Structures are given as C-alpha cells and as structure tokens.
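Annotation source TrEMBL lists domain 'N-acetyltransferase' at 3-153. The feature acetyl-CoA binding site is assigned by TrEMBL to VAL83, THR84, VAL85, ARG91, ARG92, GLY93, ILE94, LEU95, THR96, SER119, GLU120. For TYR124, the entry in TrEMBL reads active site, proton donor. Annotation comment: TrEMBL describes PHE409 as active site, proton acceptor.
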Amino acid sequence: MTIEYRQFTEAERRRFWTSLDRGFGGHYEPSEAQYRLDREGFTPEMSMAAFDGEEVVGTSGAIGFESAVPGGAIIKNAGVTAVTVATTHRRRGILTNMMERLLRQEREKGQPVASLWASESAIYGRFGYGMSIQHENFKIDTRKAVIKNSPEIPGKTRYVSPDEARKVFPEAWEAAVNSHSGIPRKDELSWDRWALGLGGGGDWGKPWLVVYEEDGRALGYAQYLVKELHVFGEQTHGLLNADMVVHSNPASHAALWNHLLNVDLYDTLSTWRSPVDDSLPWMLEDQRQLERKPYDGVWYRMLDVAEALSARTYMAEGSLVFEVEDSYIPEWGGRFELTGGPDGSTCVPTTKAADITLPTASLSTIYLGGAKLAELERAGRVEEHTDGSVALADSMFAAERAPWCPLMF
Ligand SMILES: CC(C)(COP(=O)(O)OP(=O)(O)OC[C@H]1O[C@@H](n2cnc3c(N)ncnc32)[C@H](O)[C@@H]1OP(=O)(O)O)[C@@H](O)C(=O)NCCC(=O)NCCS
C-alpha cells in the first residue's frame with residue numbers, strides 16, 4: 001500500500017469532507033448555503049490529506065488564527081482540526097506520517113505553536129502535544145445555589161435577537177481574547193458560521209442569547225438552551241445547558257452567572273469549558289451545590305521553541321537553559337536559553353549547560369501558565385539539573401489568569 005500525503009485540490013474538496021465525516025462516524029447532509037459557509041473557508045492550503053490511489057483515507061488541516069499569551073501579546077497559532085483516518089486504514093501509521101507533514105507545513109507558514117481539541121486524550125502526546133488549557137465542567141442545582149458574594153456590576157444584561165447578537169457579540173469576544181491567554185480571535189466567516197447555527201432544530205430548540213454591556217460596550221455574553229421534562233403533563237424538572245459564558249472582567253462574569261442562576265423552572269444547570277480559575281465557586285454560599293469536573297481542553301505543541309518562548313512575558317525576572325527533547329521531530333528540539341521578565345524576553349539556541357531537561361510536550365503544557373513545572377517534575381516528566389531551577393521556572397511562567405478557550409475548533 002503506497003500512501004501519498006499532500007493537500008487536497010479544489011476538485012477533491014467534497015471527497016475530503018466525505019472522508020472526514022465518515023471518520024467521525026457521521027453522515028453530514030448540509031444545505032448548499034451551509035456547506036459553503038461551513039466548508040469553503042477551509043482552503044486546500046490549510047489541509048494535509050492522505051490518499052490511497054484516488055481515495056482520501058486521511059484528513060487533517062490547520063486554521064491559522066491569533067490568540068494571546070501571558071503578557072498580552074497576540075501570537076499566530078495553527079489550530080489543528082479535521083483529523084481522521086479511514087477505519088479501513090487505521091493503525092498503520094497514517095496519522096503519524098500525516099501529522100508530521102502538517103506540523104512542518106504550519107511551521108513554514110511562521111506559526112510558532114499548534115493547538116487542538118482532542119477527541120480522545122491518549123492520541124496526541126506522542127506527537128509532542130502537551131495539555132495546556134484545562135477546563136472545568138459545572139453542574140449546578142440552581143434551586144440550592146445562591147450567590148452570596150459578587151463584585152459590583154455597573155452594567156446591564158439584556159436579551160438580544162440572533163441578528164443583534166451577530167453585531168454585538170464580536171465586541172465581547174474580542175474583549176475576552178484580550179483578557180485571557182488562549183482564546184482564538186474569530187474572523188467574519190467564523191461569526192457568519194456561528195450565526196447560521198442559530199436556526200434551532202434538535203430537541204433543545206433555539207438558544208437564548210444575552211449580552212452584558214457597560215456604557216454601550218459589550219463585555220460578555222451567554223448563550224444557553226433549556227429543556228422541560230414533563231410527567232403526567234406537569235413540568236417536574238428543567239435542564240439549562242449554558243453552552244457559552246463569555247466574560248472579560250469580573251462584572252461581566254458575575255452578571256451573566258446571576259442571570260443563569262435565576263432562570264426559574266430550569267433547576268439543573270450544566271456548562272462546560274469554564275476556566276479552572278473561574279470565580280463562581282467563591283461567589284456561592286454553598287460550594288457543594290456546584291459539581292466540578294476537570295476536563296482536558298486544548299493541547300499545545302511548540303513548532304518553534306525560541307519564537308514561542310520569546311513571544312510572552314514572564315511574571316518574575318530570570319534566566320534558564322532548557323534542553324528540549326523532541327522525539328517526534330528531533331531537529332526542532334535542542335538547548336535554548338530563556339531570559340525574561342515582566343517587560344519582555346529573549347530565547348535563543350545555546351551551548352551552555354542545561355538547567356532543566358524536558359520533552360517538548362511538557363514545555364508546551366506550561367507555556368500559557370496553566371500548569372506548574374514542579375507538578376510535572378513530580379510526575380517524572382521533567383529533570384532538574386540545577387537546584388532551584390524548576391521553582392524559578394514556575395515563578396517565571398506563572399500567569400495572572402489561567403488560560404481559557406471557550407471555542408471548540
Ligand atoms: C485517531 C486516528 C486519527 C488515528 O489514526 P491512525 O492512522 O490509526 O493512527 P496511527 O496508526 O498513526 O497511530 C499512531 C499511534 O497512536 C496510537 N493511537 C492512534 N489512535 C489512538 C487512540 N484513539 N487512542 C490511543 N492510541 C491511539 C496507535 O495505537 C499508534 O501507537 P503505536 O505507535 O504505539 O503503535 C483514527 O483512529 C481516527 O480517525 N479516529 C476517529 C476520529 C478521531 O477521533 N479523530 C481525532 C480527532 S481530534
């Protein structure tokens with residue numbers, strides 16, 4: 001079996017998507033308008049596919065977007081997506097070969113990091129990805145969860161129609177991008193695709209849309225769905241699924257959660273993709289009414305260590321030499337000297353002795369400040385050569401807020 005790896009051509013576009021849908025086990029039958037919005041923005045240049053003769057047997061690609069890193073700089077980020085291998089061709093190394101080509105392609109485009117959401121968390125560590133943005137899923141009995149503490153809320157929440165949401169939500173999203181590391185900036189096409197998805201359907205019906213504004217500026221929004229459960233004609237119970245709670249400051253966070261916890265008749269509220277430093281637990285009178293489940297959100301992969309590390313600032317001043325082991329693409333590893341602090345940083349290849357040896361996945365894990373190197377060291381994922389260097393790394397890589405990514409891509 002000879003497998004060819006390359007981008008798909010325009011003529012192969014439909015076959016690429018059919019193969020992808022089948023890889024995830026689905027039949028996707030969109031309208032022409034939906035197909036255009038959903039799929040034509042994904043250009044051949046973003047793709048890397050595997051072909052067995054004419055048949056597409058592997059799909060992958062990367063959406064180039066921008067996201068913030070600690071210190072507030074915006075970096076380029078290869079958002080890896082659409083990864084499948086046909087069931088007829090699995091476990092023969094096709095993903096292993098395809099991923100390497102995709103990562104090389106994205107590095108050539110000048111992306112310092114790649115990131116992705118994994119369908120299964122055991123897949124990507126072998127390719128150098130580290131768990132970088134962890135989330136929490138919340139389940140709340142809203143009859144018992146009472147907000148006891150709240151910051152001052154100077155603005156107001158109001159319901160908006162899908163048309164108005166299309167106009168005001170982008171401003172709130174951009175505010176969130178600038179206040180948290182890791183949130184992808186959305187372009188016009190992404191918002192059009194999002195708006196198209198608001199047509200309703202399915203047994204959850206259409207979502208409710210709420211914006212939080214201060215002085216006419218949108219600083220947050222929530223998008224939620226409700227479902228009633230009836231027994232003998234009586235409503236016994238209602239579910240509220242808070243699909244998106246996007247906030248950019250304490251007031252927008254508190255206002256939106258006040259709203260969600262006060263939707264009467266719907267007593268079981270669930271949400272996913274909350275940042276791990278969400279302040280909701282500290283606002284409640286009784287924290288036990290909030291069930292929290294950790295979840296692996298976004299995996300990061302360094303494509304260019306020097307460029308990625310020098311893009312962010314560091315909480316404490318310091319200088320460290322890392323020996324970065326990249327077993328998947330060895331020439332991207334090596335020894336790097338990082339010198340940084342709150343005002344900026346540099347990172348360059350060096351021949352100096354290493355303070356710390358670690359795999360590229362571990363460096364990717366701590367990149368946005370979402371995990372401590374000391375925890376990884378205790379797990380046997382890092383080796384310290386100079387006493388105190390892991391502690392120094394932790395004080396440097398610390399971030400004011402945990403990274404967060406409320407968008408699945
Ligand atoms: C995940 C998927 C793309 C893997 O493709 P593949 O071509 O079979 O992968 P490879 O043959 O290159 O596997 C490489 C290694 O990863 C392992 N691996 C692959 N998929 C795995 C999984 N789902 N869980 C755990 N290990 C996995 C293989 O066992 C192999 O290990 P080895 O090197 O020790 O032998 C394919 O199974 C698939 O399409 N799954 C359904 C869609 C999906 O979940 N896509 C991922 C979206 S984020």
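Backbone N, Cα and C define each Cβ position, glycine as well.
Mean pLDDT of the predicted structure over the domain 'N-acetyltransferase' (3-153): 95.
DSSP gives ILE94 (acetyl-CoA binding site) a helix state. VAL83 (acetyl-CoA binding site) falls within a strand when secondary structure is assigned with DSSP. GLU120 (acetyl-CoA binding site) sits 15 Å from PHE409 (active site, proton acceptor), counting Cα to Cα. In this structure, the C-alpha atom of VAL85 (acetyl-CoA binding site) lies 18 angstrom from that of PHE409 (active site, proton acceptor). Around ILE94 (acetyl-CoA binding site), a 10 Å sphere centred on its CB holds 21 further CB atoms from the protein chains shown. Counting only the Cα atoms, the space from THR96 (acetyl-CoA binding site) to the residue listed as 'active site, proton acceptor' is about 21 angstrom. Summarising the environment of PHE409 (active site, proton acceptor), the number of other Cβ atoms within 10 Å of its Cβ, over all protein chains shown, is 18. Rounded to a whole number, the distance between the Cα atoms of the residue listed as 'active site, proton donor' and VAL83 (acetyl-CoA binding site) is 11 Å. Considering only the recorded positions ARG92, ILE94, PHE409, the residue whose Cα is spatially closest to the Cα of TYR124 (active site, proton donor) is ILE94. The secondary structure of the residue listed as 'active site, proton acceptor', as reduced to three states from DSSP, is coil rather than helix or strand. Across the annotated binding residues for acetyl-CoA (VAL83, THR84, VAL85, ARG91, ARG92, GLY93, ILE94, LEU95, THR96, SER119, GLU120), the two most widely spaced Cα atoms sit 19 Å apart. Reported as a whole number, the C-alpha separation between the residue listed as 'active site, proton acceptor' and ARG92 (acetyl-CoA binding site) equals 26 Å.
Residues within less than 8 Å, Cβ to Cβ, of ARG92 (acetyl-CoA binding site) and separated from it by at least 6 positions along the same chain comprise MET1.
In the three-state DSSP scheme, GLU120 (acetyl-CoA binding site) is classed as coil.
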